[in-house]
Structure formats: structure tokens, C-alpha cells
Amino acid sequence: MATTATRFPQFSQDLASDPTTRRLWYGIATAHDFETHDGMTEERLYQKLFATHFGHLAIIFLWASGNVFHIAWQGNYEQWVANPTGVTPIAHAIWDPQFGKAAVEAFTQPGGGGPVNAAYSGLYYWFNTIGLRTNGDLYAGAIGLLLLAAVFLFAGWLHLQPRFRPSLSWFKNAEARLNHHLAGLFGVSSLAWAGHLVHVAIPESRGQHVGWDNFLTTLPHPAGLKPFFTLNWGVYAQNPDTANHVWGTAEGAGTAILTFLGGFNPNTQSLWLTDMAHHHLAIAVIFIVAGHMYRTNWGIGHSIREILGAHNPPKGTPFGGLLGEGHRGLYDTVNNSLHFQLALALACLGVVTSLVAQHMYALNPYVFMSMDHTTEAALYTHHQYIAGFLMVGAFAHGAIFLVRDYDPEANKNNVLARVLDHKEAIISHLSWVSLFLGFHTLGLYVHNDVMQAFGTPEKQILIEPVFAQFIQASHGKMIYGMDVLLSNPDSIASTAWPNYGNVWLPGWLQAINDPNGFLFLPIGPGDFLVHHAIALGLHTTTLILVKGALDARGSKLMPDKKDFGYSFPCDGPGRGGTCDISAWDAFYLAMFWMLNTIGWVTFYWHWKHLGIWSGNTAQFNENSTYLMGWLRDYLWANSAQLINGYNPYGMNNLAVWAWMFLFGHLVWATGFMFLISWRGYWQELIETLVWAHERTPLANLIRWKDKPVALSIVQGRLVGLAHFTVGYVLTYAAFVIASTASLSG
């Protein structure tokens, strides 16, 4: 093993001995790239990563505890529970010695108590839904989370000790890990959550307090466990809450605990709590069964290696003979590559996070939250951006897998090798789809702008999204008059067995046709255009990422690319022909496309909902069909309140968002300085600054040992991208929150 370096970074003797500031930048950049550290073995790599998972969980629990604690300490939770639609939830108090009298007044809510920050996280709604009612409940939760964080920190430390370090074979035992994750993590946690909803949340929603003092003695259902053991489970669905049920009281409450109602509670405008308990119980059963499917020590169940080996349709069947070796070789390829596993996990989590954004408002699970428009907008935007980062990360680690871990011999002629073999077809198809979407969508928008500008708006090209309307109608939306499937009571979807036994959720049709609901919003020509603009963004981002990954090992222009590693700069033909970019450069380009695409997604969602919330849907419908409409009637019009947060006449409670809006723009613009200027400029700038520093009295008392050198090209791009990203998100966050909050008071 190499001798440990005596100064930062201790994990790299090579970097630690570098006489320039490169030591610091590269040290920070590679601190988490454990694979490249001195003396790293595969077993130590897995052990270190395993321990970091515990540290990561500890940080998450600590952060969550802080949120809960500050709401209990400085929030207004108990007052809010008494009037959830009339009181603004408080995240925490603000103490700032620079606040003048006007600022103190602006950020103090009616009733006094000093300046506070409004909560747009949705936590209040979650607490209320799951049965927490007092600050004491919140303090107990915060302390519980702190204790959990301590347990996880200890577990992380423990698993680094020689006696408790798992072996490499333990980490490579895929079947056991899959069983544990399916049954132990997903299954049992879903069962526990169903238990909490049934034993605590549902009784609290009906005005019956359940706490640590009585939860073991309070029956959640009058019939107890008798229906469970006599297989008379339908009893638990009988007598659900009525449409007149008043949240938190016995008025209009039923006794059911596991229902299949569908739709929303009209009082809270959220999913029925008893439906959600049923859902989690069903998920628990499915996952606990799934967690017993794979073969471990007992010689029963599936072997994933055997399944993958046999996963190849024989000749004469559909796709027969078209997959080569099929999935042979994939078991070891996936099981021996952490990057492959991480790429799969990030892709799945990215999709799930985007679905959460969508479902959290359309099928709102939290009581009264759909009436808090700012929180709805903040949560949608937050989850869509996170989904974007996760998806780009999935492709990045997929590319690193291909550079570092892919073994062509072990994957001969299997599906993975065949994807690489016909990458030209994949890339060219994505390319023409992107070109088609881009030119046609932009062409329609620009045509419509010209018609508006020339005074002939009736000549706009407006296309009804008939296929999307058909899909909405088939799910039961009546507004289009299409009479298809669920929107036609005589269709086979409505009458086929066993639907006469009322298998369709009875509340679904009412919910999807509620003019004030958010399920399957009515769509028209503006939606058609922006859907295709978003499709352009998604396909172009995918094109860049897929090309970057599939060309990561080599390409026509640069067949030996894998020998250069994952990240090298595209710097023109003068530096040895790195024109054909590295996978890192593809990731870098894709980040801009991802951010812009999610910009369009959130612009669309926000503008459409502002119209619904304000009762003026015509503005979106009429002005979203041309570009000036988006710039003028969405961005400019909704910035008006925001940029008047402070002006020559004073300030109001939007001032902090106005300041953040400006600050976000400045951070974003700073990024361009790094993105546009190349390396020579930075080196000259640094030399000049060092020269001035060394000749300035007092300043020249401070010296540094490392010789200052400019950032590398890749580092300059990274710094530029970081500023662009952070500034972009800060700017839009301030815009969404301030514009929505100003409209909804």
C-alpha cells in the first residue's frame, strides 16, 4: 500500500505532492471518487460506500428533525390545525439585525410575534393528515428523528471497524439484498405505515385522540380482529366517512378503515385516508411476497443468473433469434459494477420523483393542501427539478460504467453489446425526432406570432390535441363528448364483468369531471404546442446523454476514447483531435438542455394553474399559442408584483423574493463568464491578481505555498455550469413563490 500523504488530499500521494493550486481543486473534485484513491481495493471500496450510506441517512434525519423542531418551537401549528385554510403556516422565526421597522412589520403576521418565514414545504399538511395535532407531537417526532440520526451515525462508524466490516461476497449477494430490500425495506415499511394510518391517523381524523398513552388499548375498528381471522374482510370497508365528514371531528365520520372509494373527500379536497391505508396495505403484501421469491441459502426460489441466461426468445417466436445471446452475462456485469447499479437506481428514482410532482397535485394526498396554491406550485417545481438532476446523473454513471467497468468479452453479442453495435441507428433516430419536433413546433409558434403581430389572429394554426383528449375521455372525462370507454356508461369498460359489481372506484368519475379539480385538466391548442416543445426538450436532452454514453468508449473520430477516461475537454483539433467530445462534455451539454426543458415544464404547469386558481382560464388558452404570449402574459405579467417587493416608496413582504430574484439572475449571469472565457484568459487574470497581491502592503503579509494556476478547461466549465444551475433555480424559485403568493394573498 502507498504511504499516506502528509497534506491534503491524503488519498492521493500524487496530488498531495503537486506544487500548484491544482492540488486543492483536483483534491476536492476527486474526494468522492473512491475508486481512484491510493491503495483502494474492491472490498474497501464497497465497505466505504456502505458506511457513507449510513452517514447520508443520518444527515437526512438530522435535517428532517430540524424542520420539525423549528415548526414546533417557532411555528403556529396548533393555531393552524384549528383553521387550516385561514392561517398561513410558519416555517420558523427570522432574526436579522439589519431589518428596519418596515421589514419587521412586513414579515410579522397578524397577531404579532415578530418576523417569520412562511412555510411552503407542505409539512403542516402532512403532519395534519397523519394524525399529529399538537406541538408536543412535533417535539416527540423531532427527538425521535434525532435519535434515529444518532443510531445511523453509530452504524456507519461500526461498519468501518475491522470486526464489523462486511466481506466482498456479502456485498455481491444480489438475491439476498433484493429480498431484503423488497420485503424488509419496502414491504415492512409499507405495512408499518398502513398500521400508523389505521391506528393513529384515521381515528384522529374522526376526532378520537390516539397517542403513546392509549394506542395499544384503542381499537381502530369496532369489530376488532374478528373479521380478519374469519376472512370476512369486507367488514373493514363498510360504513366509510360520508361526504359531509368534518375533518378532525366525529361529525359525518364512519367506521371503515380500508376502503376502495376513489376520488376525494369534498371537505379536505384530498384522497380518502381509508383509501390510502388500503393502498399501503396492498403494497406491503405484494412486496413482502416479492421479497421471498429469490434463491438464497435454502435452495428454493428464483436464481437471477438463471433467469437472465434463459431470457432469450427461441427462434420462431416473436423477437426469436433477434436478441443474440439475450441477457446472458448481464448478471455479473451489473453485479460487478457499482456505476451500473447507481445508474439504474438514479433512473428509477428520477422517474418516481417526476411522478410524485405530477401526482402530488393531481391526486393530492394531504388534507387542505390543494387550497394552498403557493405550496402546490413550490412542490411541483421542486420535484420536477430534482427528477431532472437524477435522470442526468443516471446517464452520467451509465457512461462511467462503459468507460471503467464494461467488459466486451463477458458481454459478447448480448443485448448490451448489441445496443453498442447499433448505436448509430439509435442516435440518428433520436436526432431526426429532435429536428422534426424542434422545427415544426417552433414553426407553428413563430407563424402564430406573425399572425398576431400582423393583426390577423384568426389565421393562427391551432391544432386540437385529439389523441390526448381521447385518452382523457377513455378515462371518464365527459367534457369532450367523445363517449368512449369510461365516459360512456354503455361501453364495455363500464359494463363488462365484474364492473356491475362496482369494481371501478365509485368516486373516480365524479373526481375526473369536477370543474374545480386537477385531474385531467381540459386541454386545447396551447397545450398541444407546449407539449411538443417539452417533447423537443426531452428528446434533445436524451439524444445528448445517449450519444455521450454510447460513444463513451470510442467513436469514428476517436476510437481510443476510453483510454482518455470519462472526462477530457473538447478543445478543438489543435490538441490532438478531442473534437469528438468526452462523456463528461455530453453530460455538461445535457445539463443546460435539462434545465431549459424543466423550465418549459414548470412554466406550463404554473401558468395553466394560475388561470384555474384565479378563475381566468381564457388567458392561458388564448395567449399560450404564440411566443409573445408566454413572454408577456406569463413571465412579464407575473413578475410585476415580484419586482415591486422593494422600490423608492418602501418594501413589502415580497421584498426577500424580489432580492432573491435579482440575486439569482446575478449568479446565473456569472456562470457565463466561466463558460465563455477559455484557459489562457484565466491564467493571465490569476497571474495579474497574484502580482498585485504580492506588491500590496498588508495583503502581502499573507502568502500561500501553492503556485496559483488557472482552472483546467473542464473545471472552468464545471464552475460555469454550477453558477448557471444555481442561479437558474434560485431565480425561478423566487418567481414561482412570489407570483403565486401575491395572487393568493
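Here the Cβ of each residue, glycine as well, is placed from N, Cα and C on the backbone.
DSSP gives CYS570 ([4Fe-4S] cluster binding site) a coil state; it is part of no helix or strand. Look at Swiss-Prot and you will find CYS570, CYS579 tagged as [4Fe-4S] cluster binding site, backed by sequence analysis.
What Swiss-Prot records for HIS665 is chlorophyll a B1 binding site, and it gives sequence analysis as the kind of evidence. Mapped onto three states, the DSSP output places HIS665 (chlorophyll a B1 binding site) in helix. Take the CB of HIS665 (chlorophyll a B1 binding site) and look out to 10 A: across all protein chains shown you find 15 other CB atoms.
MET673 (chlorophyll a B3 binding site) falls within a helix when secondary structure is assigned with DSSP. The Cβ of MET673 (chlorophyll a B3 binding site) has 14 other Cβ atoms within 10 Å, all protein chains considered. Under the heading chlorophyll a B3 binding site, Swiss-Prot lists MET673, TYR681, citing sequence analysis as support.
DSSP assigns TRP682 (phylloquinone binding site) to a helical segment in the three-state reduction. Non-local contacts of TRP682 (phylloquinone binding site) by the CB criterion (under 8 A, 6+ apart in sequence, same chain) comprise ALA710, LEU711, GLY716. According to Swiss-Prot, the phylloquinone binding site annotation covers TRP682, on the basis of sequence analysis.
Sequence-distant contacts of the transmembrane segment (49-72) (same chain, at least 6 residues past either end, Cβ-Cβ under 8 Å): 34, 89-92, 119, 121, 123-124, 127, 135, 138-139, 141-143, 145-146, 148-150, 152-153, 155-157, 159-160, 166, 171, 338. The feature transmembrane segment is assigned by Swiss-Prot to 49-72 (among others).
According to Swiss-Prot, the transmembrane segment annotation covers 138-161 (among others). Non-local neighbours of the transmembrane segment (138-161) in the same chain are 47-48, 50-55, 57-59, 61-62, 64-66, 68-69, 71-72, 77, 127, 132, 212; each lies 6+ residues outside the stretch with a CB under 8 Å from one of its CB atoms.
Taken from Swiss-Prot, the feature transmembrane segment applies to 178-202 (among others), supported by sequence analysis. Beyond its flanks by at least six residues, the transmembrane segment (178-202) meets 129-131, 210, 215, 218, 220-221, 257-258, 273-274, 276-278, 280-281, 283-288, 290-294, 296, 304 of its own chain at Cβ-Cβ distances under 8 Å.
Look at Swiss-Prot and you will find 276-294 (among others) tagged as transmembrane segment.
The transmembrane segment annotation in Swiss-Prot covers 338-361 (among others).
Among the features that Swiss-Prot reports, transmembrane segment is placed at 377-403 (among others), with the record citing sequence analysis.
Summarising the annotation, Swiss-Prot assigns transmembrane segment to 425-447 (among others) and lists sequence analysis as the type of evidence.
A Cβ distance under 8 Å defines the sequence-distant neighbours of the transmembrane segment (528-546), meaning residues of its chain 6+ beyond its ends; these are 392, 395, 426-427, 430-431, 433-434, 437-438, 440-441, 444-445, 463-465, 468, 586-587, 589-590, 593-594, 596-597, 600-601, 604, 624-625. The annotation transmembrane segment is assigned in Swiss-Prot to 528-546 (among others) on the grounds of sequence analysis.
What Swiss-Prot records for 586-607 (among others) is transmembrane segment.
Here Swiss-Prot flags 654-676 (among others) as transmembrane segment, drawing on sequence analysis.
Residues or ranges marked as transmembrane segment by Swiss-Prot on the basis of sequence analysis: 718-738 (among others).
Using a cut-off of 8 Å between Cβ atoms, the transmembrane segment (377-403) and the transmembrane segment (586-607) share at least three residue pairs, counting only pairs 6 or more apart in sequence.
Using CA atoms as reference points, the binding-site residues CYS570, MET673, TYR681 were checked against HIS665 (chlorophyll a B1 binding site), and the closest is MET673.
Sequence-distant contacts of the transmembrane segment (718-738), counting only residues of its own chain at least 6 positions beyond either end whose CB sits under 8 Å from a CB of the stretch, comprise 29, 120, 374, 377-378, 381, 385, 588, 591-592, 595, 599, 602, 606, 635, 638-639, 641-642, 645, 654, 657-658, 660-661, 663-675, 711. Under 8 Å from some Cβ of the transmembrane segment (654-676) lie the Cβ atoms of residues 103, 106-107, 639, 641-646, 716-717, 719-735, 737-738, 741-742, all in the same chain and six or more residues away from its ends. In the structure shown, the C-beta of CYS570 has more C-beta neighbours within 10 angstroms than that of any other entry among the binding-site residues CYS570, TYR681. Each residue contributes its Cα atom, and for MET673 (chlorophyll a B3 binding site) and CYS570 ([4Fe-4S] cluster binding site) these two points are 18 Å apart. Between the CA atoms of CYS570 ([4Fe-4S] cluster binding site) and TYR681 (chlorophyll a B3 binding site) there is a gap of 17 Å.
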